[in-house]
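Undergrad: Among the features that TrEMBL reports, transmembrane segment is placed at 42-59, 125-149, 169-194, 250-270, 282-298.
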Amino acid sequence: MLGTEDVNLLKRNLRYGRYCLPVQWDTERGKIVIKSAKQQKYVMVSLLAHFLAMFGRLYSMSLHSNILDKAQATTGALVYAIAFMVRFDVPVDSVAAQLINLMFASSNANNGSLRKSKITLCIRLLLSAVALTATILAVLLAILVIFLPCQALVVSSILCRGDSFLGNIGYWTSWLVRILIASVEFVLLINIAVSSIHYCFHVMLHGIAFLWSDFSTFVKRCDQGFAPIWEYKRVQVFEKLVNSCIRRRIFLASALGIPTFQIMMCYISTKLFHSEHENNFKAVLFFWSYILALIFTVEDGEKVGEESSEVLGSLEAGIWQQFRGRIDTLGGAGVLFETNGFVSPGYYVNILYRVIFDK
């Protein structure tokens, strides 16, 4: 369940994203609202700058012949492309704001602020780690642009010819251009971090975790025999909201980005291990990144599969038996369908049961 700390994290992220997020926190009403058309102009300018920087990074991939330089350029282009897909909320989807408002309203109604679950604690920890890491990387890349502008990892490399930055321009002009590009790089990376945290954490992860918790609670109440039909309708509505928000853009970008990252890391580490140069340390770093991403996806998939099996098992053992008993009762009385007096309605239900559960 979501609590006061999650609300504070959301407010802080919205405050940092006043120029890159299409939503804001309304203090008077205590919920998220869509920004006005005038405020949306700043968001569109930020999105346009992100789009141009993404194409610059994609172009930089073709400027390097060394495999490690290509890997660095590809990593930067991949991060910018995935982040652009995640934050490309045009036109603004109001359902995402409704989803977050519904989660907080439901948590307050159920005293969710007093309950600490493992999943919400993990999301908070991961969110804080991403925010801190993104800030450090933004500062380091800005410094790298100023002092080493021809490195493949930074977007300023597209202005280099060999090791020369902007050819024969003046000394002070060169430093001024470096500082300007470094400032743009820093702002864009902060915008990417803020937008990714909002859509991937506050919308997708919190939405899926809340839906899972809500559905598990409903299943437990069904096992106890006192779950009203409106609770099931509530789960259905919430599930449609989550799908509407994440299926077409956020989840697609995440589902494509992580496997692509794994493939790229595996390919680069393999090439470095077979390289004639002494790149074993760099190869180990790339391979370790691949292993971490693989463990993350495999463990998450295993956990979801295990939890799903438990829920389906409880449904199979409990709710299905209740449903079959009600069919027998109503069907035997001729309420649902006619019976010839020899075949029980449960016979047809058993056939349906075997088809669904493959037994």
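The chain as shown is numbered from 1 upward.
Cβ atoms here come from the backbone N, Cα and C positions, even for glycine.
I'd like to know what surrounds each of these features in this structure.
TA: Beyond the ends of the transmembrane segment (42-59), by six or more residues, the same chain brings 18-22, 35, 73, 76-77, 80-81, 83-84, 87-88, 90, 155, 158, 184-185, 188, 191-192 to within a C-beta distance below 8 angstroms of the stretch.
Residues 13, 16-17, 19-21, 46, 49-50, 53, 79-80, 83, 87, 130-131, 134-135, 137-139, 141-143, 145-146, 149, 154-156, 159 of the same chain, all 6+ positions outside the transmembrane segment (169-194), place their C-beta atoms under 8 angstroms from a C-beta of that stretch.
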